[in-house]
Amino acid sequence: MTDFAATRALFHLPPGVIYLDGNSLGPLPRAAEARAAAVIREQWGERLIRGWNDCEWMALPTRVGDRIARLVGAPAGSVITGDTLSIKLFQALAAAIALRPDRRVVLSDSGNFPSDLYIAQSLLDSLGQGHELRVVAPEAVADAIDDSVAVTMLTEVDYRTGRLHDMRALTASAHAAGAIALWDLAHSAGALPVDLAGADADFAVGCTYKYLNGGPGAPAFLYLAPRHAETARPILSGWLGHRAPFAFERDYAPAPGVERMRVGTPPVIALSVLDAALDVWDGVDMADVRAASIGLSQRFIAEVETRCPQLTLTSPRDPHARGSQVSVAHPQAYAVMQALIARGVIGDVRAPDLLRFGFTPLYLCEEEVVRAVAILADVLATGSWDRPEHHARAAVT
Ligand SMILES: Cc1ncc(COP(=O)(O)O)c(C=O)c1O
Ligand SMILES: Nc1c(O)cccc1C(=O)C[C@H](N)C(=O)O
């Protein structure tokens, strides 16, 4: 049984804050702070360039990848870390398309994160071979998979509503139609059990700054199914994806397995911080996390529906049909959220009208959820959100 009081003690949480935004940016694991200082002072500071060998910096992308693999149901040696999610998505999609050279359609849905759709469209345009990005409603994905589809490119958990796709069923449908299945796990990794191998996914990508608590801009990850490991073509063929980077050969030859999806120099400090952040997961059972997260989000919904008649639930009511976040609509969502944040309850908003809250049992308990909704109810009932300072828009939301 996971000891959530013990995991909570591993985080620095600012006093007076109830943090319901770990689905966007996880809080600081104490070990990450110590590791950052040690890597900067002792490794970079003292070892200088010798750190590449003495501190095994070059192995970080795979070593950290293996730790993430355990959390997303992937075998060791199938996950690489580095770059950003947008870059890893580009690489995975390009490699997936190349595995189906006779097909021209990439299928996605309108709930996908815009960056994924932008990246896909720009990649398809650059190929100049008449590829089409077909975007359907999330509920229409299953029926839209046919033998024109080269790749299904889906984000398992919708960033706005938390709606959860059935990864196993949709991957099976994609394969039955001869397509490749690519999954974005940005809102899944560390939020709920993911079984990439069991679902038979071909590619997956994800970020580590949300539920994996790797810090702002933390490196992304990419999963390559072992069956494609020797055939997938890395499109951003950087030198560190070469089979022998320090041979400095004129021509590119891919490294074995997922290592070919490396691009350039690993972000050593960021990967070290992420490595330390992942210590939190030692001894954590993802099934326990899921059960606790459902408990928190169900309690949140029940409290909101009892105390906040001004809000409308926009997430699936069935906890098994959503990830670890809940959104509710209010016409003045932005100002309401600013008023809430001013009272110490941090969530976020997504335009035009969604208040979004993430549930992270590693450091959040039910009493805080109840208290957060009491404050939200007060903000709504008193109209304290309707002050000029709460309407002033920040650049990043
Ligand atoms: C589903 C999804 N895909 C892609 C991204 C973009 O990731 P990044 O900005 O790290 O490249 C995000 C979040 O920003 C996301 O939620
Ligand atoms: N990646 C982000 C950033 O650099 C700044 C602010 C927010 C983010 C996010 O992660 C957005 C996020 N993917 C979302 O679910 O909306």
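Every residue gets a Cβ built from N, Cα and C, even glycine.
Now, the feature entries from TrEMBL:
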BINDING   L85, S86, F113, P114, S115, D116, T155, D184, H187, Y209, W239, T265  pyridoxal 5'-phosphate binding site
MOD_RES   K210  N6-(pyridoxal phosphate)lysine
Please give the greatest C-alpha separation between any two of the pyridoxal 5'-phosphate-binding residues L85, S86, F113, P114, S115, D116, T155, D184, H187, Y209, W239, T265, in angstrom, as a whole number.
30
Scan S115, K210, W239 for recorded positions whose C-beta lands under 6 Å from an atom of ligand 1 and note them, or write none.
S115
For K210 (N6-(pyridoxal phosphate)lysine), which of the listed binding-site residues (F113, S115, T155, H187, W239) have their CA atom within 10 A of its CA?
H187
Among S115, T155, the most crowded of the binding-site residues [Cβ within 10 Å]:
T155
Among F113, W239 [binding-site residues], residue with fewest other Cβ within 10 Å:
W239
Just jot down the residues in the same chain as L85 (pyridoxal 5'-phosphate binding site), at least 6 apart in sequence, with C-beta under 8 A of its C-beta; none if empty.
S115, D184, A186, V205, G206, C207, A220
Return the residues near H187 (pyridoxal 5'-phosphate binding site) by Cβ distance under 8 Å, restricted to its own chain and a separation of at least 6 in sequence.
N23, T155, E156, V157, D158, Y159, G162, K210, Y211, G323, S324, Q325
DSSP secondary structure for H187 (pyridoxal 5'-phosphate binding site), reduced to helix/strand/coil, please.
coil
